[in-house]
Amino acid sequence: MDSTCPPPPDPAPRHRVLIVDDSKTFVALLTRRIQNELDIDCDVARDYATGVALAATGGASYLAALLDLNLPDAPNGEIVDAVLAQGVAPLIFTAEINDDMRDLFWSKRIIDYVLKQNIASVDYIIDSLRRLRDNPKLKVLVVDDSSMVRNHLSALLAAHRYQPHCARNAGEAMDALAADPDIKIVIIDYNMPDMDGAQLTKIIRSTHSKKDLAIIGISGHGGASMSVRFLKNGANDYITKPFLTEEFYCRVSQNVDILNQFQTINDLVNKDFLTKLHNRKYLTETGEKFYANLKRNNIGMVAALIDIDDFKRINDAHGHDVGDAVLRHTAALIRNRFRESDIVARYGGEEFCVVNINMDKTKAYDVYNELRLAIVQEPYIHNCLPVPLSVSIGVCTSHEDSFGQMVAVADHLMYDAKHTGKNHILVR
């Protein structure tokens, strides 16, 4: 390797799954799709003995074990208990299912079972593994005054790698939501001491939209009208007690899928495809709201325009693929230096715009000069060689007549900074 190459970063731990199945065709298809679509490594065993040995070696490091019940040396599903004994959660393949088998499977705390029939079975497995991989990012609040129910639901959620949180009543639930905006699902029992679950649902829905938070009502009383009560007060879904474990997982997964679809649509509308920063539309709409609110409360606001110097030269010298990589590299450097409350957007081409709250002129100069220096000191590396980078920055700290005028002032300052020799910052 060229001596100018920086040492590669330590790789993040990779997810792995164990597949125990004697069908070469099915395993080849499944392995290829898991690796290509989910970037998950696969360890494969064709028989019980090899599967148990791999489970004993890998143990809980496996995301899941995908198990065929009928193996050459264990035709009666013996592999399930053997893998569970090693701390690996199983997802079972079966050619048939009945109520007794279903009850037996769920009594063992499996992840799920899949009817091994056609290509749709593989699609289902891929979706299940994707959820298992991503579920640790999802926080679920369980609201119930019964500790037994809270513990039971929390255990079910944890088995599918969700982050369960608990509240005993409506007050604790509201406090939890206020303290942690990352909670995405709330499961609410109807019977509680301070207010009923339908009332709590209505209060939560007044501040949290369905695209940001899913609410699942739950009760063993009230008959069919109870579900209507919850749904009319803003719940996304309803479960009647007692319920099947399988139904619980299906409903939670369905609501997660809907939230993810909302997020995908929101990103398509408000995010720049290349850099994953906010786009100009989001910047304009949100910036105007920030401006009106902050001016009303006399809070300092900063708008900055950042332009990569000589970007055309980079494209001409290295090609547009490298140019795109430089944009992503610069976008990450900018995003990582600002708070979550700040707006960081791609303004157009090689220009970026940042909006900061509660920042004065002196602080703004220090912050953006540090950013300018950091970009110079962290060039993009292409073929083990640095691609030198610098930026020109214009910063408007004065409340103009509108947010648009603040951006226009920053734009003029940025061009003046370029005319002074580039790699420069001007603040007004």
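Each Cβ is built from the backbone N, Cα and C atoms, and glycine gets one as well.
Quick look at what TrEMBL lists:
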type	residues	note
DOMAIN	16-131	domain 'Response regulatory'
MOD_RES	D68	4-aspartylphosphate
DOMAIN	139-256	domain 'Response regulatory'
MOD_RES	D189	4-aspartylphosphate
DOMAIN	299-428	domain 'GGDEF'
Helix, strand and coil totals (DSSP H, G, I; E, B; other) for the domain 'Response regulatory' (16-131): 58 helix, 28 strand, 30 coil
D189 (4-aspartylphosphate) in three-state DSSP notation: strand
C-beta crowding around D68 (4-aspartylphosphate), within 10 angstroms: 23
Between D189 (4-aspartylphosphate) and D68 (4-aspartylphosphate): CA-CA distance (Å): 37
D189 (4-aspartylphosphate): tally of other CB atoms within 10 A of its CB: 21
